[in-house]
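Reading through the structure tokens given below for one structure.
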């Protein structure tokens, strides 16, 4: 594992160095091509993997006729440095996949030997298809640091979310589409949202992989996701360097597909490996890790106001690599976890893909409604990702360095408030336990082996009676704060406008932290028995991130209508329209979320079982 992962890390860090000698130039016919940035008479770089500019057709005499000319033309116009990065990443990906497949083969052979051994005469269950060697593992209580390590990838996700959507896309949009910055940001976020639609399929396939080995299956998908993300990052680096709009969007697509694989896989780890009694503390730790990662991102942005934004292309692969190591290390359980019943396995591939989207919508209880509430609520979170434009247009900072500094300060306040609110919610839930979890089976994926979970709804303990009003209050507060933000522009003093935005960020962050933590805990607890965990969590993540992507795209279009060429910024009425749309979405999500909590409080949830095929 170490060598391929270091190849990926080294390759991604080398991408900027590889892209540096490239520039976009025009040939005689007006066609664009990549040309090295050095004088024609200068010597070529001496790296061993760079083809010589003086290579002639005779050097490629062994190739078919015509090929040598094409290769020489390629070497005349492209510094072959850039090919090293995708080749190294591809090699690392192949090594990772092959190593995981070999490990899975050894595990399967060993399991067959165990099943054929004397004394192992117990037949597999026709309902769960689990042999005696495939008994679901007994879950144990995790330490706080263990849960922190298991959810450590959320720290990188928070760092990425805080710097990519609100800052990096804004800066790249200014470089690529100066006068249509919000449209560029909205387009990139739309691709981000659409790529999330594949999350349930990724989860469905991943759940099939863990039927061979839980550790190998999950590790394989994390490794593939890391590789795809780095390749997409590399495409974005080259596209931003050459100001290629469509190529940049294609890089965003590949990048986000890799992140989607990682999100689906890491989201399934807590329901599969952590005892249901620890879901509340796990949800708070996961939310806090995400928020602290975002906090680190904004601190670095504040400290590096005079550094070009492309430093983030170095930080992302480093953070991705470091934060993926703890869960990869903890995925050491080689026994299988079979989530689905035999009826699902008899379907065709297309039917299975359809079931990846249909089944989560048919789960009994409140899980589909919880996903709907998260999706609608996420539609209204767009103003968080346009904070840099808000600092410029509503507060009135015109200097780019001042914009970045105050943007970082406001965002730090937001994330600190959200992190503190998440911890407070965790302490409240820990002090007032409400009994068993809802419909859980110790994460084993089957109906057996759940001695400490009743599989029914709780009777409505003190924490559950507290969750409903607390969630509704936090969501309503979030919506009202979003609605109030455009009124900052009516304040005459710059310092008062800046201070007011900081106060609103404090309230907005606290409300978001409470809602984010309660939504996560509620989603985990509402998972029925015997479902494909990664598929279900992929569907939940899809709803949340799809809402974010679509909400940002619509908000970008609304804001783009208010652009003023004379001012070089967006008019205030555009922010009123965008924030009103976001607030309406948040207010619509409040009764949906409250209905889910009310179903639990009134005991309307019967013992939850997976739908039959």
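Yeah, the Cβs are placed from backbone N, Cα and C, and that goes for glycine too.
Quick look at what TrEMBL annotates:
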- 437-461: region 'Disordered' (REGION)
- 1-19: signal peptide (SIGNAL)
- 83-104: transmembrane segment (TRANSMEM)
- 190-213: transmembrane segment (TRANSMEM)
- 220-240: transmembrane segment (TRANSMEM)
- 281-304: transmembrane segment (TRANSMEM)
- 311-331: transmembrane segment (TRANSMEM)
- 367-395: transmembrane segment (TRANSMEM)
- 407-428: transmembrane segment (TRANSMEM)
- 470-491: transmembrane segment (TRANSMEM)
- 498-519: transmembrane segment (TRANSMEM)
- 539-560: transmembrane segment (TRANSMEM)
- 572-597: transmembrane segment (TRANSMEM)
- Long-range neighbours of the transmembrane segment (311-331), counting only residues six or more past its ends (CB under 8 A): 1, 5, 8-9, 12-13, 15-16, 146, 149-153, 155-156, 159-160, 163-164, 167-168, 214-215, 218-219, 222-223, 226, 229-230, 233, 236-237, 262, 266, 269, 273, 300, 304
- Note on the structure: Ranking 190-213, 498-519, 572-597 by Cβ pairs under 8 Å to the transmembrane segment (407-428) puts first 498-519
- Candidates 190-213, 281-304, 367-395, 470-491, 498-519; stretch with most C-beta pairs under 8 Å toward the transmembrane segment (572-597): 367-395
